[in-house]
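Visitor: Among the features that TrEMBL reports, transmembrane segment is placed at 20-38, 79-98, 110-128, 134-156, 168-187, 199-218, 281-305, 317-339, 381-399, 419-443, 450-469. Taken from TrEMBL, the feature domain 'Major facilitator superfamily (MFS) profile' covers 25-473.
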């Protein structure tokens with residue numbers, strides 16, 4: 001029988017102190033973002049290294065150095081793109097597995113497994129002698145990314161108090177940016193070292209080891225414990241992470257949600273057939289779709305390639321990438337500090353506006369100055385493009401980057417939370433795979449027009465937030481339907497009227 005617990009009133013928050021345990025568990029789990037970020041940052045730099053291309057993609061190396069080769073098509077090679085994108089294809093299936101396993105065994109063991117997969121992939125890539133070993137290592141890395149991205153944001157959302165949930169969850173995105181920055185710096189250091197690409201790829205073992213060791217010290221989330229019938233252990237963890245003896249109100253809220261959850265035998269069927277789940281399913285999935293079609297991975301995967309396309313030397317392109325990724329990390333701090341004050345919608349709309357303006361500007365500059373053959377003759381244009389990319393990246397870093405992960409982790413009811421969040425993560429992986437696999441080919445065919453395409457996408461996503469996404473700031477996860485979806489002008493029609 002479902003317990004008759006009153007929902008928390010609008011604007012109210014469950015009692016909790018800001019404890020060391022919550023911060024420690026959140027930061028350790030967020031190292032999963034460091035793994036993800038390191039891989040995003042390392043791929044583009046490695047694929048621009050001549051020693052890497054000579055060993056695995058010699059035909060691309062030859063094409064890169066042809067004087068009369070089309071600027072937009074130098075790196076157009078499906079196998080080279082598969083090196084980047086294979087990880088995300090593996091991540092889709094790993095996320096699906098993690099959505100089932102984390103419900104049955106808890107969040108903590110899945111986070112540990114993510115680090116183990118990633119560690120094995122890094123080792124295999126370091127010792128790779130042929131393309132098969134290289135792709136095999138990428139697939140193992142993808143399993144680690146899939147397990148981590150599926151579980152870490154949910155873990156942090158479930159363990160954090162509602163009033164600081166946004167800031168803590170954005171530690172995941174902040175460490176993604178730190179991972180990207182670290183990777184770009186590693187690429188710069190190893191670009192002149194013999195077989196430096198091995199050290200770049202093998203460096204992925206460092207964040208994996210940090211997460212593996214740290215995961216032994218984190219607590220399982222109370223929601224996961226209670227959902228699996230471990231009520232007393234759930235209460236014990238609640239007291240520890242909230243710093244209070246009286247945790248009955250929050251315990252009862254979680255208990256009510258878990259009793260509903262445990263009646264659901266097929267979460268995916270419940271997610272797709274129950275009308276009440278339509279609003280978070282649409283919003284959570286589209287947020288991840290839009291996040292990838294901001295064009296960010298064009299910059300993060302292929303920034304060194306892009307700068308080389310404009311005529312910058314290898315070192316100059318890697319230095320430009322380090323600068324860009326430094327801006328990315330610093331701008332994310334703004335989101336961490338301000339998201340629980342200004343709210344999610346403010347940053348999403350502002351970020352979409354900023355990215356639209358810069359994508360149009362970059363596209364216009366490339367259209368005017370980057371011809372099919374030969375480098376850009378103006379020395380100022382690459383610098384202007386770098387500045388515009390930094391402005392673009394800052395807009396992404398305090399908006400769609402972190403909030404694309406945060407909002408889907410806090411809008412699903414417990415009974416379909418794993419299934420719903422899998423749909424969001426799978427959408428991320430599918431879109432990242434598509435962009436990773438086909439961007440260089442699309443750049444070859446559409447040239448600067450590709451940036452105008454992403455500008456249009458940014459306009460669409462900004463309008464979507466204005467009209468369809470409710471504000472989730474400060475709302476307890478288990479009361480999201482009552483306080484937000486049922487009161488939204490469009491989504492309320494999906495709920496039965498009492």
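Backbone N, Cα and C atoms are what each Cβ position is placed from, and that goes for glycine too.
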Visitor: Against which stretches of its own chain does the transmembrane segment (381-399) lie, if we need a Cβ under 8 Å and a gap of at least six residues from its ends?
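Guide: For the transmembrane segment (381-399), the list is 173, 177, 294-296, 299, 303, 307, 310-312, 320, 323-325, 327-332, 334-335, 338, 347-348, 350-355, 358-359, 361-362, 365-366, 369.
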Visitor: Can the transmembrane segment (134-156) be said to touch the transmembrane segment (450-469) if we require at least 3 CB pairs below 8 Å and skip pairs under 6 apart in sequence?
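Guide: Counting Cβ pairs under 8 Å, fewer than 3, so no.
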Visitor: Which of 20-38, 168-187, 199-218 shares the most C-beta pairs under 8 angstroms with the transmembrane segment (110-128)?
Guide: 199-218
Visitor: Any chance you could find the range in 20-38, 79-98, 168-187, 199-218 with the most Cβ pairs under 8 Å to the transmembrane segment (419-443)?
Guide: 79-98
Visitor: Per-residue pLDDT averaged over the domain 'Major facilitator superfamily (MFS) profile' (25-473) comes to what?
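Guide: Value for the domain 'Major facilitator superfamily (MFS) profile' (25-473), mean pLDDT as a whole number: 86.
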Visitor: Which stretch, 20-38, 168-187, 317-339, tops the Cβ pairs under 8 Å count with the transmembrane segment (199-218)?
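Guide: Answer is 20-38, with the largest number of Cβ pairs below 8 Å.
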Visitor: Determine which recorded stretch among 20-38, 79-98, 317-339 has the most C-beta pairs below 8 angstroms with the transmembrane segment (168-187).
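Guide: Of the candidates 20-38, 79-98, 317-339, 20-38 scores highest.
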Visitor: Hey, which bits of the same chain come close to the transmembrane segment (20-38), Cβ under 8 Å, at least six residues off its ends?
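Guide: Distant contacts of the transmembrane segment (20-38): 111, 114-115, 118, 144-145, 148-149, 151-152, 155-156, 159-161, 168-169, 171-183, 203-204, 206-208, 210-211, 214-215, 217-219, 240-241, 243.
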